[in-house]
Amino acid sequence: MPEQKEAKLSLSQLVWIATGQVVGAGVVTIVGSALAVTGYSAWFAYSAAVLMGFLRILLQMFFFSALVVPGGVYGMVTRTCGKQFGGLMTISSLINWVARGTAVLSVGNYLAAMFPSQNRVVMALVVWGFLTIANLYGVDVMAKIQSFATPCLLVCLFVFSALCTFHVQPGYMDFTGPDMFLNGLSGWLSAVVLLNYSTNGHSLISNFAPRAKDPKKNIPLAMIITTGIIFCLYTAVGFASGAVLPLEVTANGTLTDTARYLLPTFLYYVFMFGGPIFALLTTMNSGIMNSAMPVLAGVKEGWLPAFLAKQNKHGAYWVSILIIFVVGAVPVCTGMSVSQITNTCLILQGFQNVLILVAGAIFPSKY
């Protein structure tokens, strides 16, 4: 079925897709590293990191408010820097499909921690397979899953963060205390840079511009609204991560440590499902098409074989989606580590980020 006959994504659907994409399980785990370098000011560092992330995607917002191009950032780079960069963007995006394996591995690890008697690989593949099948039914089904799972995720994390405010340890908000800015300004800035990694994934919503209602308005607006959501959420989670337990416990730990201490067993399991697992689920769900779109744009311009862009009757790119499933399943089946995948993807993301920044700088003078 041709793309133009598919239902267009509304602003609310775009916001849920973008929010689910950017809020990964890292929001639960990464704050512990920030607490280790800057102490109790980690929540403040997270607020600053979100603002920094917003500045990083500002040029993309301007671009997509003026032009609707296929492939999101692929189209942005090729329309500004030149089509000769299309091959580089296509190949790097194709290799970057392995990043799906990070979330598959992580969801397997979380489920194994909750259900140690069950097979980690089987549980991870069941979740991954379900989301892959859902994406084979088209973007509309994917968006419906996001529209349910993302609000559940936000409610879970906000409610837990609010609960933590009733158990704040003495001295936590003492800005003159020794544990507030643990390593001074340099430590706080290090935390901002560290946390910034998890603050701009919502810019990938630009991949859905051709499928959005009024994309020149709604794509940038979805980025702005999502930035507001994660500013509140990340500040709240950052605050909760260090509020209850001593710094020597929370530094390099995770929010699940606080949840285990604070919640009865049943509510702890509810938190694990609604927090880390739903965070991974929403990232995995929207990540399938977010991973495919830049590559498919390159396929349509001749950089890769045309069979990768084959569609089924639901308008889903079934060949690419099935390949992404296999690529995402390989790490959990072969025992690869998250760090091995992450190191590979960081190099590719750094390369793409440079091209995106250059494209954003060139755009005003070219158009």
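Using the three backbone atoms N, Cα and C, a Cβ is placed for every residue, glycine included.
Taken straight from TrEMBL:
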{"type": "TRANSMEM", "residues": "14-37", "note": "transmembrane segment"}
{"type": "TRANSMEM", "residues": "43-73", "note": "transmembrane segment"}
{"type": "TRANSMEM", "residues": "121-139", "note": "transmembrane segment"}
{"type": "TRANSMEM", "residues": "148-168", "note": "transmembrane segment"}
{"type": "TRANSMEM", "residues": "180-198", "note": "transmembrane segment"}
{"type": "TRANSMEM", "residues": "219-241", "note": "transmembrane segment"}
{"type": "TRANSMEM", "residues": "261-281", "note": "transmembrane segment"}
{"type": "TRANSMEM", "residues": "316-340", "note": "transmembrane segment"}
{"type": "TRANSMEM", "residues": "346-363", "note": "transmembrane segment"}
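Scored by C-beta pairs under 8 angstroms, the transmembrane segment (219-241) has its highest count with 14-37, from the stretches 14-37, 148-168, 180-198, 261-281. By the count of Cβ pairs under 8 Å, the stretch nearest in packing to the transmembrane segment (261-281) among 14-37, 148-168, 180-198 is 148-168.
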